[in-house]
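The following feature annotations were taken from Swiss-Prot:
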- 71: active site, proton donor (ACT_SITE)
- 19, 41, 69-78, 124, 185, 194, 214-215: substrate binding site (BINDING)
């Protein structure tokens, strides 16, 4: 059964990608950003430190929302067992790969908490040549929408997908499906390894529930001020979208 999108305040719609190697660096970033960020994504680099769940617990104790981005992909029983245990933690979002219907169904059935499962469709760093190298001679957007519909049918709560595809996903899946967009670039796309990017306002206009931002905050001279500026963009976009 699909869970509806999280009831997020505007301030909770900015997710900072906490791409750091360990606990101390993670907490230093949380302290540095203070009240400007209320939602954090923790991924594979932190997992390799052995301190992943210490960070998750520390974030929860600071009343921060947590997005576990580990892109689970295995046989259905293994993924189901992982989701069953992870759903007992204070986690808002969790990613699973969106390429195996049986695995998606098992993950959805195993989710026993309020956590929303997001299917990974096509990574934002990938373009058509990358898909062609995998034997898929199609445009990324076509694959993304197809995978989003398959995930929805399997009981998954939403997708993590490029803002370029958010509008098409929203039209295909309807309002009761979560869309989280990574690779967001304030002011519009720039040249880096995220190929399919959009700006903040465009992502929300096209139906995103939340956005993930990493480098534009992390590399800023004043990260907290950069996050606050993005929060202002989000508030304006959310108000405009509601109107």
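Using the three backbone atoms N, Cα and C, a Cβ is placed for every residue, glycine included.
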Neighbour count, 10 Å Cβ-Cβ cut-off, for residue 73 (substrate binding site): what number do you get?
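Summing over all protein chains shown, residue 73 (substrate binding site) has 15 other Cβ atoms within 10 Å.
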At the Cα level, what's the spacing in Å between residue 19 (substrate binding site) and residue 71 (active site, proton donor), rounded?
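On Cα coordinates alone, these residues lie 15 Å apart.
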Cα of the residue listed as 'active site, proton donor' to Cα of residue 214 (substrate binding site): how many Å, rounded?
18
Under DSSP, is the residue listed as 'active site, proton donor' helix, strand or coil?
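In three-state terms, the residue listed as 'active site, proton donor' counts as strand.
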